[in-house]
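Visitor: Pulled the feature table from Swiss-Prot, pasting it below:
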- C348, C409, C412: [4Fe-4S] cluster binding site (BINDING)
- 423-449: region 'Disordered' (REGION)
Amino acid sequence: MGTTLAEKVWADHLVRKGSDGAPDLLYIDLMLMHEVTSPQAFEGLRLAGRKPRHVDQLIATEDHNTPTVDIDRPNPDKTSALQLTTLEKNCKEFGVRLHPLGDADQGIVHAFAPILGLTQPGMTIVCGDSHTSTHGAFGALAFGIGTSEVEHVMATQTLSLKPFKTMAINVEGKLPADATAKDIILAIIAKIGTGGGQGYVIEYRGEAIRNLTMDERMTVCNMSIEAGARAGMIAPDETTFEYLKGRPHAPEGELWDQAVAYWKTLKTDDDAVFDKVVDIDASTLGPYVTWGTNPGQGLPITASVPEPDKIADATKRAAAERAITYMGLKPGMPIKDIAVDTVFIGSCTNGRIDDLRQAAAIMKGHHKAENIHRVLVVPASSRVRLQAEKEGLDKVFEDFGAEWRNAGCSMCLGMNPDKLVPNERSISTSNRNFEGRQGKGSRTHLASPSVAAATAIRGTISSPADL
């Protein structure tokens, strides 16, 4: 019997096979780090008198707590400032490469690494961050870990893990012109639920997936965790190789040829058997938006807010009632009737150059609606920012009435100055719409950059077709 992509990468990194139910010992190629989940790990290393086993395989950046304006001024939030200075001190003490705020390569941890060519097919990649699954778009086995595991990887460059189950999600057919990668993953999560992928590595397959750019593939893999999965992967192909070629950390010359030869072997065998298979017809998809307080509460933009009294399952009915109350909605109201206060375009889900181009193409020649308080456009990395400015996208955003910011996690989460106030409603290209995710009492609707841009123009949740 053949093996899946995930099983092949696992086998290539197996240091020791566990016996009698014990976990395997897996070698880790690359660990990415940021200011939030690393302090205790560094302290543990310090107290044990250890040094990193392979410091050249550890790379850090500042992203979660960083301001996206006035980055040359002192951080007014003392806790955030402490976390940032602590990371800088720890990296200096232990010799870990750091891309700090203001550095040309600084950015969200899951955005700067692919751009630099650090993320490559067949690698094992970890980070103390759940959205590490983003890197699976390259055919890497990438997943988030806890702080104690961060320390373990620094000390040993390995992790003890039991093999994950495997799931295939086949997205066959052609994606309609008004549908995007974000709509694919929101539709998947709406179908299988936020726990549907629990314990699995999801491999995204099919014509619609193969036709995506690398930026779009990263969007899909990024939200694997919102489906409950440990990781998401897409088999590398010519699109992957073209993206990587010539990047700072990509192999060169003969090493490039050798790497590509290996990368081409990283695909699921025809006779491999997945533990679970889900099929999606891409031709039926369109713009999706979340209405509730978890990423699985999503619907086509043409739908209406669910009516709880029509939901048979008592648990789901109660969840819908709570979400509708928190979000300040009415059962049965059309999604397109929902007025929005703030628009956020950015995050490790949708802050890449393809995303910014998508939004700019829709915003060009328009101005934000009067009821929209603010539109924040935040590139996922400093390199994305520079590329966008080279293309004149920043001018498009500013003419539209949007704020063009520096790179960072920004309004994806309430850990930096970019927050919503209680009851403020946003449409956001980020990945989570939990209660209070964007600030205490915040109300978040997840959507693609194109839907976010159209919403900013009309003031109510809209698709480009509504313009």
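Note that Cβ sites are derived from N, Cα and C of the backbone, with glycine treated the same way.
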Visitor: By a simple count of other Cβ atoms within 10 Å, which of C348, C409, the binding-site residues in the record, is least packed?
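Guide: Relative to the other binding-site residues in C348, C409, C348 has the fewest Cβ atoms within 10 Å.
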Visitor: For C412 ([4Fe-4S] cluster binding site), just count the other CB atoms lying within 10 A of its CB, please.
Guide: 30
Visitor: In the region 'Disordered' (423-449), how many residues does DSSP call helix, how many strand, and how many coil?
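Guide: Split into helix, strand and coil, the region 'Disordered' (423-449) gives 1 helix, 8 strand, 18 coil.
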Visitor: So around the [4Fe-4S] cluster site, C348, C409, C412 aside, which residues have their CB within 8 A of the centroid of those CB atoms?
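Guide: Going along the sequence, the neighbours come out as D63, H64, I108, H131, G346, S347, T349, G351, A380, G408, S410, L413, S430, N431.
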